[in-house]
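Taken straight from Swiss-Prot:
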type    : residues               : note
REGION  : 1-143                  : region 'Editing domain'
REGION  : 206-505                : region 'Catalytic'
BINDING : Cys298, His350, His474 : Zn(2+) binding site
Amino acid sequence: MRILLIHSDYIEYEVKDKAIKNPEPISEEEKKGRMDEVLVAFISVEKVDETNPEEVVSKAVEEIINVASQVKAENVFVYPFAHLSSELAKPSVAQEILRKVYEGLKEKGYNVGKAPFGYYKAFKISCKGHPLAELSRTIIPEGAKEEEVPEALKKEETELVSYWYILTPEGELIEVDKFDFTGYENLRKFANYEISKSRIAEKEPPHVKLMLEHELVDYEPGSDPGNLRYYPKGRLIKSLLEQYVTEKVIEYGAMEVETPVMYDFEHPALEKYLNRFPARQYIVLSGDKKYFLRFAACFGQFLISKDAVISYRHLPLRMYELTRYSFRREKRGELSGLRRLRAFTMPDMHTLAKDLEQAKDEFKKQFKLSMEVLKGVGLTPEDYEVAIRFTEDFWKENRDFIVELVKIIGKPVLIEMWKQRFFYFILKFEFNFVDNLDKAAALSTVQIDVENAERFGIKYYDENGEEKYPLILHCSPSGAIERVMYAILEKQAKLMQEGKKPMLPLWLSPIQVRVIPVSEEYLDYALYIAGKLEGARIRVDVDDEDERLNKKIRRAEKEWIPYIVVVGAKEKESGTITVRRREDGKQYETRLEELIKEIKEKVEGFPYKPRPLPLLLSKRPKFRG
């Protein structure tokens with residue numbers, strides 16, 4: 001059973017139509033309903049619940065009561081909700097289990113309401129928005145077969161106790177429920193998301209519509225969910241991002257390597273690490289041996305480091321790989337467009353440091369590197385929220401260092417503190433993007449790892465020739481490339497909601513300039529202009545469709561083309577061009593050389609790739625119907 005619990009000002013519903021052949025019989029009165037000051041329990045009954053319905057009912061009632069007591073709710077509303085799971089129980093079983101949950105809560109003295117089972121319903125809900133307002137629970141009957149899950153993930157889901165704070169640039173550590181979030185709305189949303197740990201995607205985020213409309217990325221029905229296909233424009237954007245991040249990391253001082261995508265389950269060091277890393281794996285059989293698909297570049301880089309001869313003079317030693325792909329078998333209900341995938345591209349750098357002071361110095365440098373990388377893709381600190389995670393002991397011993405990081409970002413950050421260390425790292429930060437559905441996704445991240453050097457036998461020789469274990473920093477300065485695309489598109493979706501013009505960064509725009517002849521008579525001149533732009537390494541195309549000028553301009557606007565160049569008799573005779581600049585809406589006349597200079601200045605320092613589609617619009621296929 002999956003339960004999503006939302007503490008609400010109210011919920012109201014209205015039955016619209018039957019969703020199954022034999023829905024629960026209801027009266028006219030039951031076709032509508034409302035309850036105020038309520039804990040709403042959205043429930044999916046799963047196939048595995050059929051093995052022991054009574055136990056599932058008992059545990060569900062217990063979990064709901066526990067949350068109701070925490071949020072001080074006397075009213076509870078049971079809402080059948082099939083969208084939390086892809087493995088649903090039979091309708092007859094689900095209906096009976098939900099009825100018993102309803103009765104069990106009533107017997108415990110709660111005022112209980114319920115929505116009817118088996119119908120399409122419209123509903124309105126007003127979530128209270130405090131840190132405990134959104135929580136999720138999973139109930140599995142005893143003896144039910146569970147998927148193989150690493151010990152670290154089990155601990156994270158069952159044993160981990162977190163203490164949440166907000167840390168200000170002034171060094172003030174404030175309990176999260178006592179912090180005044182006025183002026184920090186996104187931080188409030190991020191804190192709620194992190195504390196509730198609800199990762200279920202209830203509806204489609206706006207970036208999905210954009211990635212489909214612009215023919216960038218699409219779902220691939222012929223593959224496992226969470227594996228995507230990229231059309232030419234999307235592949236260009238992804239490729240440029242991959243090149244950009246790789247160049248930044250190599251410029252920082254990393255050595256690029258390449259390692260396998262699968263590893264032996266029985267390798268002693270890998271087996272131990274698997275149980276310390278909170279992720280689900282894909283499993284591959286080769287003969288009678290079992291392998292797992294990598295979920296990061298750690299394994300390959302650690303095995304290279306184990307075999308290398310390393311001196312203290314080589315430290316900090318930085319190694320990097322862009323993994324295309326890494327794999328994590330995320331839960332089906334958590335998959336969401338480009339935000340959460342099962343196959344993804346991860347820029348992954350590991351740094352060996354001789355001691356904690358050197359590790360902290362690298363940590364701070366990589367914090368700044370991550371800010372710089374995100375700035376290049378159009379994301380500033382206003383666009384993301386920071387989480388820093390550590391143990392209570394680390395905080396006491398390194399308080400000034402943590403506060404220094406917060407001063408660098410220049411705004412309050414979320415702190416997750418543990419009484420004891422659950423994972424292989426002692427310190428971690430992430431830059432998290434909060435999207436239009438108030439879901440958060442980690443982009444940049446760095447961790448200081450204190451376990452894996454010894455686990456993998458990675459050593460260096462110190463000044464006295466003695467072997468020592470280094471500390472290891474795990475760094476992704478951008479996060480998964482797909483997540484960067486998600487954040488860019490979600491940011492544009494937000495601008496659209498505010499009535500502003502969306503636009504990709506110029507260096508990432510698949511087409512940077514569109515040349516539009518006012519009629520077929522000026523097509524040759526348009527092609528001449530396009531040739532000059534292409535010769536200057538600017539991505540350009542020509543709209544040669546037999547349509548009115550206004551329609552062509554509207555199409556270019558709809559495609560977010562940064563520069564629209566219109567050419568006709570006047571431009572041909574004068575040797576000038578008429579330009580519409582999307583960034584500020586300005587329309588002006590200029591010489592072609594000036595436009596080239598303007599664009600080249602704006603994209604300086606960023607990678608370039610040629611146009612991903614044919615020059616003429618009339619020669620292009622349509623990838624989506």
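The backbone N, Cα and C atoms fix where each Cβ goes, and this holds for glycine too.
Overlay of Swiss-Prot annotations on the structure.
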residue : record              : DSSP class
Cys298  : Zn(2+) binding site : helix
His350  : Zn(2+) binding site : strand
His474  : Zn(2+) binding site : strand
### Task
Compute the mean position of the Cβ atoms of Cys298, His350, His474, which form the recorded Zn(2+) site, and then list in sequence order the other residues of that chain whose Cβ is within 8 Å of it.
Ala296, Ala297, Gln301, Phe302, Asp348, Met349, Gln447, Asp449, Asn452, Ile472, Leu473, Cys475
### Summary
Across His350, His474, listed as binding-site residues, the smallest other-CB tally within 10 A is for His474
### Task
Averaged across the region 'Catalytic' (206-505), what pLDDT does the model get? Just tell me the whole number, please.
94
